[in-house]
Amino acid sequence: MVSPAIALAFLPLLLTLIIRYRYYFVLLYRAVLTRWVRDCLSGISREERAFQYILTHATPGDSQSILDTFDTWCSKVEFISNIGPKKGKILDRLLQENCPITVLELGTHCGYSTVRMARSLPIGARIYSVEMDQRNAQVAEKIIRLAGFDDDMVELIQRPSDEVIPRLREDLGVERLDLVLMDHWKRCYLPDLHLLEDSGLIGQGSIILADNVIFPGAPNFLRYARRCGLYEVRVHRATLEYMRGIPDGMAELTYIGIK
C-alpha cells in the first residue's frame, strides 16, 4: 500500500501533467466518452445525429448555412473531426487561387469538406470523393445533396482509397488531378501519395493538401514529401478543429516533378 507521504510527493507531478495535457483530456472526453454514451442512448451513430441536427437547423440548398450549422454542432454538441472553419479558410484560399477542375477527396466522412469545396469550384468542375465507411458515406451523401450539389458536381465513391486511385483513369476517365485533399486515415497518406505518383494523375502544379499532419500526425508522409524533391512543401500551422490548445497543421504539396 502506498503511504500518504509518497502519494503527496507525486501530487505536484500529477497536477502538472493534468494542466499541461488538459486539452487532450477534454478531447478524450468529447470525442470518445461522450460519443460512446450517446451512441448507447440514441441507438444511432454520431454522424447520423449530426445529420439530424443539420436537417433541423440549416437551410436546404444554402451551403454556408449547412457549414455553419455543422460547425455549431461540432463545437457545442459533439466533436467530429471535420476540417473546420479556420483550416477551411486555407482550403478556400487554395481553391480561389488555383480554380481546380478535377478534385479528389480522400476521406469524405460526413461531407463537410466536400460541401466547402463544391461551393467554391468553377462551373464544370468535379469532385470525386472517396469514403470507405458505408454509414459515413450514406450520411455524407444526404448532407451533400441537402447543400444542393448533385452527381454532376460531386461523385461519392464508397471504396477504400487504395482501390480507387489506381482505377480512376480506367473507370472514371480521369486524366489529371488538379487538387487532392487527404483527410482519411493518416497511415494511408504516404502509400496513397505513392499510388498517385504511380498513376500519372498528378502533374506540374497539382496540389496535395493533407490535414492533421501535426496531430494526430503523419511524420513519414511529411519526411518523404520534404526529401523526395518532387514537391514544394508548405505546412500551415493551426490548432485541431473545434479545440483550443492542441497544435495541428495542414501540409500543402505542390508537384514540381523531378528536379
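Each Cβ is built from the backbone N, Cα and C atoms, and glycine gets one as well.
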Residue in S45, S63, S65, S161 which Swiss-Prot records at the S-adenosyl-L-methionine site where I83, E105, G107, T108, S113, E131 also bind:
S161
For S-adenosyl-L-methionine, with binders I83, E105, G107, T108, S113, E131, S161, what's the maximum Cα separation in whole Å?
19
Summarise the model confidence on the region 'Sufficient for localization to the Golgi apparatus' (1-45) as a single mean pLDDT, whole number.
77
